Each structure stands twice: as structure tokens, then as C-alpha cells.
Amino acid sequence: MTETIATIKEKLASLADPHDARLLTWRQDKRCGVQKAIALWEKRLALARKKQADFNQRFNFERDYWLKGVELVAGVDEVGRGPLAGPVVAAAVILPHDFNIVDVIDSKQVAQHKREQLYEIILDQAVSIGIGSVDAKTIDEINIYEAARQAMTEAINNLAPQPQALLIDAMQVYLDITQQSLIKGDARSNSIGAASIVAKVIRDKMMTDYDKVYPGYDFAQNAGYGTKKHLAGIDKLGVTPIHRRSFQPVHDAIVNKKNC
């Protein structure tokens with residue numbers, strides 16, 4: 001009995017072996033729907049292989065250390081340099097050597113719902129995770145660059161066990177630990193990518209909580225960035241304790257209020 005096209009599509013959906021004997025039979029099936037289904041399956045397989053290869057390549061920096069006997073390598077990243085409000089948050093993540101969640105990459109390349117799923121997986125599988133944050137008042141006092149460094153340092157210090165080497169996204173920290181600063185590291189290292197996801201999800205949750213404390217600025221949606229609704233909130237309600245007064249739009253709002 002000839003298989004229906006729907007049945008073949010269903011079987012292809014769960015097929016991962018390109019040498020499966022059924023493929024030979026299906027490729028000889030002259031029905032257009034079957035050939036389209038096989039072409040789509042081949043495309044999906046090629047994309048999955050590329051995704052796996054890219055993921056494997058993003059472990060190159062970690063693997064260099066592992067091969068030298070350096071087992072505990074932490075990826076470090078921060079989020080929240082650009083917003084007008086809220087803290088800068090950093091995460092440090094040590095991944096196990098057999099970690100194989102290929103979707104882990106720079107948090108900016110991952111949709112929110114997917115980030116939250118990956119966050120839970122990383123929490124479950126990581127050897128260790130450390131978090132650090134620096135509030136708006138301190139950002140104003142020491143500048144955002146130094147605040148990011150301070151948050152990263154705090155995150156690293158909160159790791160247990162402590163790392164033997166660090167892979168850091170575009171930063172050096174003042175710690176006596178072997179470290180590499182990688183430009184766009186969150187897209188080049190799985191450990192840094194994992195750290196960026198953890199930091200992003202945690203900071204977004206913090207800003208959602210702040211939205212309840214300080215309504216009218218749309219913090220739950222803009223995460224403190226200078227959107228139209230956020231700027232309108234500043235114009236109407238003034239600045240909050242979590243606003244960064246050294247950042248231009250906020251500083252201007254304070255000056256304008258004093259001059260009125």
C-alpha cells in the first residue's frame with residue numbers, strides 16, 4: 001500500500017539519519033508533494049548541521065584551555081550599559097565540557113521567549129553561575145564603563161567553584177585570574193553567550209519589577225532604554241531613584257526642571 005504524503009511528512013519530521021533506507025524509496029516516489037517534503041527535510045538537516053558546527057566552533061576558546069588541563073573556564077558578560085534607568089547586570093557562567101544546547105549565543109540574537117527557556121536550561125546545567133549588579137547611583141559616581149567592570153568582578157567573585165580562566169566580552173577585570181578579552185565575545189564563545197542570556201533575563205525581570213514600583217515609564221517593555229514612552233514619562237513624572245542622572249536625557253530633564 002502506498003504511503004500517503006502526510007504519513008511521509010510525519011516520518012521525515014522525526015528523521016535525523018541521512019542514510020536511512022526509507023529515503024531511497026521516498027526519493028523514487030514521483031509525487032510532487034513527496035519530493036517537496038524531502039527537499040524541505042534536506043534543507044532543515046543542512047541548517048541543523050551548520051548550527052551544530054557553529055556551536056562547536058564557539059567552544060574553541062574554552063577548548064584551548066581544557067586541552068591544557070584548565071577545567072573551569074568562565075564566560076563573563078554584562079547587559080544594561082545603554083539604558084537611562086536601572087542597574088548594569090553581569091553574569092559569569094562556567095559550562096560543563098559536554099554542554100550541547102546549540103541555541104545558546106549572544107542574547108541579542110535570541111527572542112525573549114527563547115531566552116527565558118535557555119536561561120532555565122543554563123541554570124540547570126551550568127557548573128556555576130555568579131551574578132553581579134551595580135545601581136544607577138554608583139553608575140553616576142564611577143561612570144558606566146567602570147560600573148560594568150565592577151558588576152563583572154562581582155559576578156566572578158560569586159562563582160563557586162572559582163574559575164581558573166576567564167573569557168570576557170570586551171573587558172579586562174582586576175583579578176589575578178588568567179583572562180581573555182574578546183570583542184563581540186557573546187557571539188564567539190558559548191560561555192560568554194550563556195552569560196549574556198543569564199544577565200539579560202535577570203535584568204529584564206528586575207526592570208519588570210521596577211515598573212510596578214515606578215509606573216508610567218514603561219520599564220517592563222523598554223528595560224530602561226530611552227523609548228518615546230519612557231521619555232514621555234520623564235517629562236510628565238520627573239526622574240526616579242533608579243534613573244541615571246549622568247545620562248544626557250535624564251540630566252537635561254533635571255536641569256530643565258530646576259530652570260522652570
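Note: Cβ is positioned from N, Cα and C throughout, glycine not excepted.
The domain 'RNase H type-2' annotation in Swiss-Prot covers 71-259, and the record cites sequence analysis as its basis. Feature annotation from Swiss-Prot assigns divalent metal cation binding site to Asp77, Glu78, Asp169; the stated evidence is sequence analysis.
Shown are the binding-site residues Asp77, Glu78, Asp169; of these, the residue with the fewest other Cβ atoms within 10 Å is Asp169. Classification of Asp77 (divalent metal cation binding site) by DSSP places it within a strand. Other than the site residues Asp77, Glu78, Asp169, same-chain residues with C-beta atoms no more than 8 angstroms from the centre of those residues' C-beta atoms, the divalent metal cation site, are Val76, Val79, Ala90, Ala91, Ala148, Met152, Ile168, Ala170, Met171, Gly185, Asp186, Ile192, Ala195, Ser196, Ala199.
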